[in-house]
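In what follows, a single structure is set out as structure tokens and then discussed.
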């Protein structure tokens, strides 16, 4: 059973290699991609079932036990996030495949897109599953290397500019990450996270604080926490819709996951952290206000993404089992809905030829299905009952309300940010879907990867987007069992016992 | 004095040196005449590249084999082999990149993809025998002349990584090196 844990990492890498070998057959590449991601989803379901029933599943690479060897660990949280991420990746791949068919024809193979896409998926899986801080760095590097290619391929000058911001910020944060690992290893002699959980406590308090803050900065950049968020609205919106959807859905969430894992396992606290609460409040409100000022649909969605990162940080800041569980539930909900919204934005842009909200109008009459596909995730993101956003927000608010004055204040900010989200979404709805019908604008740059202003949209692109909408509805329907799982996951995270026992075979800490 | 003079300056170069060395390569490594004179080629570097190229390749194979117990391995071996090709590319005067790759009858992407496939399959293989992924086994055999020979299965993974890295470097020479120079030349053409 434990060998299953390695498959979500190795299968996409194998698929990536095979798609390179099959560089001349577009059909084979598509089949490999879809089969691999479907297989990984199945493995993720099995891992979640096992982890929920009988505790974390641990695989020791090469048979070397922790803390010397490298381990992959699937506990409730990582298995759940792996499952939802793989499902979203699969839907985005289907969307991207059909977009490529619509734009370049059925026979157009690519020796970069498919391999790099699968490599990105392998990096995301590794980030969720690794039980080792250095391996987490490797996972981030795999993801980033793949994302550099995806964000700049078939590009033009403006996308190179935004790509440069992204690459520079990512490299800086990688450098800090490496420094952090070196400091932690120098201070404790281990990089195994379960082992670190026992060792960090032996260090002087000041050193603990420094290491904890460094972790916060490193993963804060990845997760786009205000004031480290500036790169995100600058770099995401310019990429093609499937790429942006994947980045917005997964990459920032992997940063939040890493923060959640390290803060609960290595730097635990017994009361709400005021620093994190302030950062969470700032992130929520700056993101939401930024969204109101945007005319570019993708930039608006990017700012909302930043705002909702604050929601997830809020749960971590409150730091009790229920709040952390709320964060886990919110990540699951947000991965799905944010990816969906960017895919829908891609569909809208193909229809209208522009990303400017002011230049659109009357889409509801032109394309009613598109209106439905936008309305459902927009309501979900805003958190209108009975959507999954409502369920997740309620979980966060319930946990935050009783956790002291600072947490209650931050919960108030959360409600304000939610209302601002509703307003931003309503503004998009009124401008884009109502009003007079406008003819599509021509593609400003026909040579680049972005094809816009065409009515040619393959039906499977709608189906893939619709499937993601279905997933977010399923999350709302299955909210009961799902929040039961996240509640157990939250309890595990704060308890630390099951994770450490599974990895190290030691007695629980407290 | 019956010993003929062997000074390189006093002899017709090509025939004589073939006589001395007796191992004229079948293919031209750094073909003269194909690249215009003054296209960034230097005689010293070209001669050095001719001598160094096979040596560096052998050294890379050594690194690959020694990697299990000593410093080395598939990654560093592959990088060193890649550097040998980079040296030829630089010595050959810039536009050589695509030609080197074409003359080798290798498609770099196939090399990289094949290497990665080999590496991942080696990582997955132990799971078929009920072992954790990446477990390596040691096979010992008595070989005549050499004596006892140990083969660690992780060598296969290293070979995969080696091929991957060589493939990636060749692809970089072709696309980023020669490709960019070609684009630059094409961009200059209309201006002349």
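Glycine is treated like the rest: Cβ placed from N, Cα and C.
Quick look at what TrEMBL annotates:
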type	residues	note
DOMAIN	A:131-414	domain 'NADH:quinone oxidoreductase/Mrp antiporter transmembrane'
TRANSMEM	A:32-50	transmembrane segment
TRANSMEM	A:80-97	transmembrane segment
TRANSMEM	A:109-128	transmembrane segment
TRANSMEM	A:163-187	transmembrane segment
TRANSMEM	A:207-232	transmembrane segment
TRANSMEM	A:239-260	transmembrane segment
TRANSMEM	A:272-293	transmembrane segment
TRANSMEM	A:300-322	transmembrane segment
TRANSMEM	A:328-348	transmembrane segment
TRANSMEM	A:369-391	transmembrane segment
TRANSMEM	A:403-426	transmembrane segment
TRANSMEM	A:462-485	transmembrane segment
At least three Cβ pairs under 8 Å linking the transmembrane segment (A:109-128) and the transmembrane segment (A:163-187), pairs spaced 6 or more in sequence?
no
Which residues of the same chain, at least 6 past either end of the transmembrane segment (A:462-485), have a Cβ under 8 Å from a Cβ in it?
48, 52, 76, 80, 84, 87-88, 91-92, 94-95, 98, 325, 329, 332-333, 336-337, 339-340, 343-344, 347, 369-370, 373, 376-377, 380, 386-388, 390-391, 395
Are there residues at least 6 beyond the ends of the transmembrane segment (A:80-97) whose Cβ is under 8 Å from a Cβ of it, and what are they?
8, 30, 33-34, 37-38, 40-41, 44-45, 47-48, 74, 113, 117, 121, 124-125, 128-129, 240-243, 245-246, 249-250, 253, 257, 328, 331-332, 335-336, 339, 343, 346, 460-461, 463-465, 467-468, 471, 485-486, 489
What parts of the chain pack near the transmembrane segment (A:32-50), using Cβ distances under 8 Å and only residues at least 6 beyond its ends?
1, 4-5, 7-8, 11-12, 14-15, 18-19, 22, 57, 74, 76, 79-80, 82-83, 86-87, 89-90, 93-94, 97, 114, 117-118, 121, 125, 485
